[in-house]
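Novice: Found this in Swiss-Prot, in case it helps:
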type	residues	note
CARBOHYD	Asn510	N-linked glycosylation site
CARBOHYD	Asn538	N-linked glycosylation site
REGION	655-677	region 'Actin-binding'
CARBOHYD	Asn676	N-linked glycosylation site
REGION	798-817	region 'Disordered'
CARBOHYD	Asn842	N-linked glycosylation site
TRANSMEM	912-932	transmembrane segment
TRANSMEM	951-971	transmembrane segment
CARBOHYD	Asn1062	N-linked glycosylation site
CARBOHYD	Asn1078	N-linked glycosylation site
CARBOHYD	Asn1146	N-linked glycosylation site
TRANSMEM	1220-1240	transmembrane segment
CARBOHYD	Asn1583	N-linked glycosylation site
TRANSMEM	1615-1635	transmembrane segment
TRANSMEM	1641-1661	transmembrane segment
TRANSMEM	1668-1688	transmembrane segment
REGION	1826-1847	region 'Disordered'
DOMAIN	1875-1930	domain 'DEK-C'
Amino acid sequence: MAQQPPPSRFLGVTDLSSLAVTEDTVLVTLQERYISHKPYTSLSPAALVFLSPYSHLPIDDEESLLHYVEEYYQCNNEEGGSRNEQGWWKKKMEQPHVFQLALSAYYNMRRTGQDQVIIASGPTGSGKSELKRLAIEAITQVSLANPGKKGSKIGLQVSSAEFILKCFGNAHTLSNDEASRFGTYTELQFNERGRLEGLKTIVYYFERSRVSQAPINGERNFHAFYYLVSGAPEEERNFLKLGDVSDYRYLNCRVRRVGVDDRHRYSQLRQAFKLMGISSRLIAQIFQLLASILHIGNLRFSPSDGIQEGASVINVETLDIVAEFLGVHSESLAEIFSLKTVLVRKEVCTTFLGPEQAEQVRDELARTLYSLLFSWINEHINTKLCKDSFGSFIALVDLPGIQRNSGSMGSFNSVDQFCLNFAAEKMHNWVLHRVHETTRQEAETERLLISRVPYFDNSECLGMLSNPRGGLISVIDDLSQKKRSESNLLESLGKRFHNHPSMSISPQGNRSSASFTINHYDGPVTYSTSNFLERNANETSTDIIQLLRGDTTSRSQVSTTEGHGSSNPFIKGLFGMKNIAMQTHPRSDSTIVAAQQSVRPVRAPSTRRKKMMSLVPVSEEGGEETSDFQVGGGNDESYSSKELHCIAGQHWAAVDSLLKSFDQTQTWYIFALRPNDSQLPSQFDLRSMKQQVRSFGLVEMAQQLQTSWEVRLSHKEACERYNEELLYRGIPEGTGDVERLRDLKRLMSLNDADMGIGLQRVFLSHDLFRFLEDRLRAKEPGEQHAYEDLGHRKLQTDPFSPHRYQPTSFDSQDHVYKDPSIRPVDSSANLPLMEHAQPIVNSSLEIEDRESSAAPYVSYGGRSITDIEGYASSRDLLASSIHKSEKDPLDTEPQAGETTEVYRESIARRRWVWLCSILTWWIPGFLLSKIAGMKRQDIRQAWREKLAINMIIWFICGCAIFVIAILGPVICPTQHVYSTNELASHSYTLDPNNAFVAIRGEVFDLSQFAPTHLTAVSVVPTKSIMQYGGLDASELLPVQVSALCGGVSGSISQYVTLDSTNTTDVYSQYHDFRAFTNDSRPDWYAEMMIMMRHRFRVGFMGYTKKDLKKMAAQGKAVAIYDNLVYDMSNYIRQNGGGLKAPDGVNLTAQDQADRQFMSDQVVSLFKYNSGKDITTLLDNLGSTIGTDVVDRQKTCLRNLFILGKLDTRDSAQCQFSTYILLALSCVMVAVIGFKFLSALHFGSVRAPESHDKFVICQVPCYTEGEESLRRTIDSLCKLRYDDKRKLILVICDGNIKGFGNDKPTPAIVLDILGVDVNSDPEPLSFQSLGEGAKQHNMGKVYAGLYECAGHVVPYLVVAKVGKPNERQKPGNRGKRDSQMLVMHFLNKVHFSAPMNPLELEMYHQIKNVIGVNPSFYEYLFMVDADTTVDEMSLNRLVSAMRHDKKIIGVCGETSIANAKQSIVTMSQVYEYFISHHLSKAFESLFGSITCLPGCFSMYRLRSPDTNKPLFISHGIIQDYSENRVDTLHLKNLLHLGEDRYLTTLVLKHFQDYKTKFVRHAYAKTVAPDSIKVLLSQRRRWINSTVHNLAELVFLDQLCGFCCFSMRFVVFIDLLSTIIAPVTVAYIVYLIYLIVHDGSSIPTLSIIMLAAIYGLQAMIFIFRMRWDMIAWMIFYICAIPVFSFLLPLYSFWKMDDFSWGSTRLVVGDKGKKIVIHDEGKFDPSSIPLRSWEEYENELWDQESVHSGSYMPPKAEYSYDYPRTRSTYSHGGYAYGQPIHPMQTRSTSPVSSRYQMSQFRQSPYQSPYQGPYGGSTADFRSSRMDMAHRPSLDDTSSFHQPYQPAPRPQSSYAFNLPDPSSDSFTAPAVDYLGAQAITDSQLERSIRKICANAELDKLTKKGVRKELEREYGVELTERREAINRLVEKVLTE
C-alpha cells in the first residue's frame, strides 16, 4: 500500500497572522487551503481572506450554516488544559468562514450594542456579492423572531429585497457572471433585543450607461430584461409585444449563462415582489416599463427632409407601443427625438436633431427610465423595511472593485469606471488607515506598544484625485460645468499633474486615442477623454422630464400635453422623486431649463445619535433591555432640487459621507480574491494571486493584525461587567480597577494581544471577549433556551440562492401576507413617490401602528385605499390595461388639461363630408383605428377625404384614359382586317419577316407557318412556301364540299366539287385529298384550317362597302351577312357546283341533283341584293325554308363562299374617334401656343426710373444658415433704391437652431446686423396663430442701421421667442403667422386700431427711432431668407405698380442659385424658367397670376388714389388669419401652400385688380438638392396647387373672354396637374407601341410633342439663353419623375402632415367639438391700446422746454425694471453714439407702456411677472423723412459724429396683481372721474364682486369702494357703474 504524502503544515493554518508572515508563506497557505476546497482563511478574528472557488461548495450550504449557528449559541465554556498554558481558555472553533465572521459581528453587536460594519473588498468577479448574501443569511438565522411571531418573516423580505436589486442591478460580464453594476451599503437594523426589524439599502453609483449599450460579445445587459423576455407568460408577452432576446438591440448578445434558467428566475422575481408586498398592478407597471425600455432601444431614425425638420422615426409601430406604455402621445414622444430644447441666455431655444443625435436621446430616455426605476425599487424597499429609529445595526458594504475595460471589444473606461474606481481607491485607503493607523494611534494614546508595520499607502494617489483645491475631480467638475472640450481637459490635466507619479497623460495629437492614466492601488487604468466631460455633467434631457413629469406648478394656467406629463401615474411618479434636481426658467417656474438625475443617494447611513458606547446590560428573562441611546436617521438626505452637480463630485461627497459614518462602528473585513483570471475552479494562478496580495497589502495587514482588539471598555465598566469572573479568579473588589484587570491578565496567562490595559480603557481580543461573555451568557436563561431550541428549529433558508435551481414552493409562506408586520403596498399604481403625494412613512413604523386600520393609506390623487390586493394571474394583472387599450382614448371625453370648443360646420363642409362618406363607406372605421392606427376621428376623416379626393382624381384620370385609349375602340372597335393592298405589302419581297397569306377570306402569318411546313414536308423548301406571301392561296387548297357543307337536305354527294372547272394551283395536287383522288381524306382541309386558325391566323381580308358596291357593279354576287362578306358569283354562274368521280364510278341522278347544294332562296338573295347586307333577309328565311335548312346554308356559306370581313375603318364613328383626340390635343397645343405668344417680347431692357415710394422688405426666416441669411440681407441692402425709403424687416419665426448652425436663427440675424450681443430687450406679447393659449406669443424687437457696400439701410428685427414655458420650437407659428404679424400691424396702422405691446414697440421703433411714420409705407416686398435679389429688381417691381394703378401684386423671375449642385437641381432649372416665361407670362396677359411666389413678390398695401386698403384689408386678413385649420382642405391651403392661397385671396377679394409678372425683375433662390427634400417640397406644391385652383374655379367674374377666360385657363391648369401621370403614361405607351409592337409611328402625336417643346425652346432661343438647351434635356429626362411619380406620391400623401394634439369630433346637428390641450386663449390677456391715445397721453404728461427733456413722474407706486430698445449701427449697441440720420429739436415723443390703461382680464394674467418687461422714458432723434425738403439728400447719413440722447423703450407685459399689497391705484383726482375709462371700472368691479358676499353687495357699496380705490368722486359716473355692475353680475 502506497504511503500517503504527509499533509502540508500550511493546510492546517486557519489564521495568517499566526504564521511567520511573509509573502511566500501567505501565498502557499492560501494555495494549499484553496486546493483543499477551503477558500476561507483568517487574517484575524475580524478579517477574512476568501478565494472564489468558481463553483458551489458544500461548506456554503444550510447544513454548514447550522454548525456555525450552533457555535454561536454554544456558551458552556469548559475549562481545560493547564492554567499556565497560553490560550487554554480559547474555544475550539469551526474553520474560518463568512458565516463565522458575520455571526461574530452580530455577537459583538449583541453583547456590546455597538454598530458593526462588514466591508468586502476585492476585484470584480471575486464573489463579494455572494459573500454578502451568505453573511446576511447567517445573521438572519440568529436574529429572527420565532416562527409565528411578529417579525418572523422579515428574513424572507430581506432576501427578497436583495434578490430584486440583484435582478435589476447585476449583469453578466466577461469577468463575472454576477457582476454588480452598483455599490451597496446594506444596513440590517435590530432592536434592543437583537431582533432583526429593518433593512436599509443605499446604492452608490448605479452604472446606468449599461442599459443603452449594446452588449459586447460575452456580456449581457441587466438580468431583469432577460428574465422578462424569457419568462413572461404568453398573455403578458402578447400585451407587452415581446419577442425573442435577439429581437432587441439592448439585449442582442451571444452568451448564455451556464446553469441559470431565466424563465425560472422570472418566476422567482415575481415571487420576490410578492414577498415584499408589492401589488399586482405595480408589478405590471414595472414589467411594462421594462418592456418599454426594450422597445425604445429598437427605435430607428431617418434623416430629415432638410434643415427645417428633425429626425423622424422609421418604425412608427414601435413608437406607438412605447408611447402607449409611457402614457404619452406618439407625436409628443416623437418630438423629443427630433427637437432638443436648450436655454440660450434667457430664452428657450430649439435645435434640430439628426439621426445620430436622436439615437443619443433614445438611449438617454432608456437610461433615465431604467435608473429611475431602479431608484424607485430601492426606495420602495427602504420605505417598506427601513426604520427611523432602532437599537443598533450591522452594515455590509459592497463596492465594485477596480474596473478595467480593455477597449478591445469597443468598450473603454470613462466616467462610470472612474467613479467606481475612485470609490474603490477611497475605500482601500480607508481600510489601510483603519488597520494600520487607527489602532496604532489609539494604542499610543493609551500608552500601549504596537509595532508599526511599513505598508504601501495610496494617499498620494487619493489626494491627487480628491483634493478639494485642484484635485482631479475638482478639475473635471469645473471643466464639465463650463462645458469645455476634451482638449481643454487634457491641457488642464497636463498643467496640473504632468509630474505626478500617479498620473500620466497621452499626447493630444490623436483625438480618438486621447486619454489619461491613473495608477490605482490595483494597477494603472487608462481613461478615454471621449465625451468624458459631457458624461460627467450628467445632464438629463429637460424634454424627457417635461414630457413624462409634466408641469406640477399649480399656478400654471397653460395646459399642454407636455404640461401634464404622462397619463401613467407610475411613470409620472418616477420623475417626482428626490434624486432629480431641476432648474427653472427665471421668468417661469413651470419651465424646466436644466435637469439632472443625481448619483448621490437620497438616504445616508444611520448614525448613533449619542456618541457613546456601553455594553448591553445583562437582563433577566423576559425583561426588556433598554439603553440610553438610539441609532437611526439618514433617511432624508435630499439636497436642493435646484442645484446641479457633476457626477464625480457627487460621488466623491457620497463616498466621503459613507466612510465618515463608520467612525463609531466596529469594522470587519473581507478580502475577496480571484485565484485565476479564467474563472476556472481549482486553478490557482500564482502570478495573479501575488499581484492581488501585494495590491491589497495582505502581508502587511497580517503582520499588523497580529495584535487585534475588537472590544474597548473603560476600566470601571470592565470590572463591573466581569466582577463575577474576577471574584471567581480570586481577585477581590477592594483593589483598584486597573490592578484587578492586571491580576486577571496574569492569572489567565494573557498576553498583550489578548488584553491591552491602557490609561483609560482596556482592549480585548474577540476570543477573550467571547470567553468572558459566554461565561455570562451561560447564566442567562434566554440564551440557554435558544441553544436548547436550536435542535428543534428549522433554519429559514434563502429561497433565492443562486444554487437553488429547483422551483421553491412558497405555499407554506402564504400566511406572510397575514403578518401584520408586512403591509402590502397600495394596490393602485398611483402610490409610489410622487410629488405632492409622498408615501406616508410613520416615524417609528411600530408594529402596533401597522396593525391599526384606522389610518388608511393616502394614495396619489387623494384616494383612500385600505384593501389588500392579492397576487393575480397574468390575465388579472393586465386586465385593466388591456381593456383600457381597447378603448379609443382620443374619441372619449376631454381629459385632464384639455379644452373643448364647439362651433358649427358650414353647409358646404357638411355636403363635402357627406360625399366623402358615400365614396368611402366600404371602409369600416374600425379598420382605420385598429389596423391603420388612426386613433383620432379627425385623422380618420382626413384620410377618408384624402381617399375621396384621390378617387375623384383617379376618376378624372380614368376619364382621360377612357378618352385617350378606350373611347376610340368603343366607338370604333379594332378590326384585324387587311385590304388587298395591305395584304400585298406583307409579301416575302417587301416584308420577309411578316409575310401574310390569305386562304378563303382568312389571313395567316406565313412567316411562322413556313418552318412548320418544312418540318412536315422536307422536300418543299421554305422559300417556295414564302413565295405565296401577300397572295390569296385559296386555290392551293381544294376543298371536299361534302365534308364542309350539308346542302339543303343535310347530305350531298361526295363527288360534288366547288367549281365545275379545275382551275386550281399547279401545286394544289399536293393538297388535293378529295373523293375522286387516290388518297381521299375528306376532313383534311377542315382539320388543317382549325389548326391554322388557332396558331397562325392574324385576321381577315377586309372589304369596305365601297369595294362591295364596285364588285356588284361588275356583276358579282357579293353580300354581307353578320359583317362577313360572301361571294357566290361562280356558283351562280355555274348553276351549282361541279361533279367529278374517280375512274370506274358512274354518277347517279342524285349526284347530279346535289350539284345545286345551295337553296334557291339563298341564291336569290345574292342575286338580287348584291353589294348589300342580307343579314336580316337571310335570318328571315327560317320561316320559309325552315331554320334547319338556314343553319346548314350558313355553314356552307362560311366554309365555301367567304371572301372576308366588312372593313369599317373609314366609317364616320371611326373618324370621329380619331379627330376628337386630335381636337383635344390641338386645344392643349393651342394653349401652349398662346403661352408662347404671350412670352414673346422683343426689345432691349430699359432702366427703370428712381422712385420715392416707401417699401418694406419683409424677410421671414426659420432655420436658414448664416451664409444664406447674409446673402439675402446684403442683396436687399444693395438694391438700387433709395436707402431711406426701404426698411428691411426680418421676422425670426421661433428661437430655433437649424442643422449646421452654432446658434439660434435670431442670434445669427442679430450678428449679421451688428447688434450688440449684450442687448437683450424684454419679450412683448402679441397674438399669433395657434390652438388655444398658443395664440399668446411673445417677441423681441430690435432696430438700427445696417451698413453694407456703401449702403446704410434701416432694419427692424422681430424675433418670435414664445412664452417661457414653450419648449418645442418656442415662438414658432409658421411663415403665415410671420406674414400675419406684419399685415395685422399695417392694418392697425392704417385704421388707427388698438395695438398689442409688440405692435406698439414696432410702431415706436419705426416712427421714433428709424424716423418714418409706418403709414408712409405703400408696398410690401416679400423675400424668403434663401433668396438673393437682383439690384434693379425692386425698382422694376415698383415701376410696374406705378405704371398701372390696378396692379395689386407683382412678381419677377426666380431662377435657381444652386443649379449645378446635384442632378436634382439640374432637372429643375428648365422647369423654373418655363414656369415663369410661359405660365406666368400667359396668366399675366389676363392680369390674374394664380400664384405670386412668397420668395419674390410685392403687394400694394393701399390704393394710391382713394387710400383704400388692399393687401391689408380686413377681408384678406380675416380669411388669411384663419386659426381653425382642422380639415384636409384647410391644411393644404394654409399649411402647405400659404403663398399661393394668399394670391387666391387677393384674386377673390379684389377681382378688379391685377396680378402681374415682371420678366425683367430677377431673383435667385435655393432649390432642393436631394430627392427626399424635393419630394417634400413638391408634395406641398402639388397638393396646394390642386386645392387652390379648386378654390379659383368657383370664383366669379374672372377676367377673360369666350372660352379663353381665366376660369378656363385655371381649369386647364388644374386638369393638366391632375392628369399629368396619365399624360406620361400615354407617352410611354406610344413609345412602347412603336418600339415593341412595331406599330406605325403616330406622326401627329410626334408633331404635337415637337410643337410643345419646340415653342418652349424658341422662348430661350429668342432670349439667347443657349444654356437652357442642356437644362431642357435634363428636364425631359426627369419628366417621369416630375409628371408621374411626384403627382402620384403627392396625391396619396395629401394628409401627411402633423395634426398636432388637437382632436376634432363631429357632434350632432353639424356641430364640431374641438378638443385640445393648449388651454383657452383669452384675448383680453393681451392688452391693446391705440397709438394715438398712447401718444396723446404722453404729450399731456411731458413738459418740453427748448428741446430739453424732463422725465415724467411715475403714476404708480411701483417701478418697472428698465430695459432699452435695441438700436444699433454696425457693431454699436443702442445707447452708444451713432451717426443720426436727422437730428431734430422738436418735441420728442416718449415711449412708455402704461399697462394699467390697457384692456385686460379682470383677473391677473398668467403671464404677468414671469413674462414681464419694463417701461422706460426716452427722447428720440427721429428720421422723420416725410417732412424733409429734399428726400433724396443722403448727406445726413455721413454727418460728423454728433452725440445725442438715445431713446429707451420697451413695451413689456408685467402687470401687478390688483389684489396684492403693492398695487396702488393711479392718482387721477386732478383729471376728474371722466379720466377713468370704463374698462378700468369694469376691472375694478370684477375684483370687488369676486371678493364680496353677493347677498350683501349693493351698487352704492360698489361705488363707494371704487371711490376709495381711485380717490375721486364718482357720482357723475353712477349710471356707467350701475350698468357695469349689472353686466358683471349677469355673466
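From the backbone N, Cα and C atoms, a Cβ is placed for every residue, glycine too.
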Novice: Of these glycosylation sites, Asn538, Asn676, Asn1146, Asn1583, which scores lowest on Cβ atoms within 10 Å?
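Specialist: Relative to the other glycosylation sites in Asn538, Asn676, Asn1146, Asn1583, Asn1146 has the fewest Cβ atoms within 10 Å.
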Novice: Taking Cα atoms as reference points, which of the glycosylation sites Asn538, Asn676, Asn1078, Asn1583 is nearest to Asn1146 (N-linked glycosylation site)?
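Specialist: That would be Asn1078, nearest by Cα distance.
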Novice: Determine the Cβ neighbour count for Asn1078 (N-linked glycosylation site): the number of other Cβ atoms within 10 Å of its Cβ.
Specialist: 7
Novice: Along the region 'Actin-binding' (655-677), what average pLDDT does this model show?
Specialist: 92
Novice: Calculate the distance in Å between the alpha carbons (Cα) of Asn1078 (N-linked glycosylation site) and Asn538 (N-linked glycosylation site), and round it to a whole number.
Specialist: 110
Novice: For Asn1583 (N-linked glycosylation site) and Asn538 (N-linked glycosylation site), what Cα-Cα distance in Å is obtained after rounding to a whole number?
Specialist: 46
Novice: Expressed to the nearest Å, what is the distance separating Asn538 (N-linked glycosylation site) and Asn676 (N-linked glycosylation site) at their Cα atoms?
Specialist: 36
Novice: Residue counts in helix (H, G, I), strand (E, B) and coil for the region 'Actin-binding' (655-677), per DSSP?
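Specialist: Each residue of the region 'Actin-binding' (655-677) counted once, the result is 6 helix, 8 strand, 9 coil.
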Novice: In three-state terms from DSSP, label Asn1583 (N-linked glycosylation site) for me.
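Specialist: Its secondary structure by DSSP: helix.
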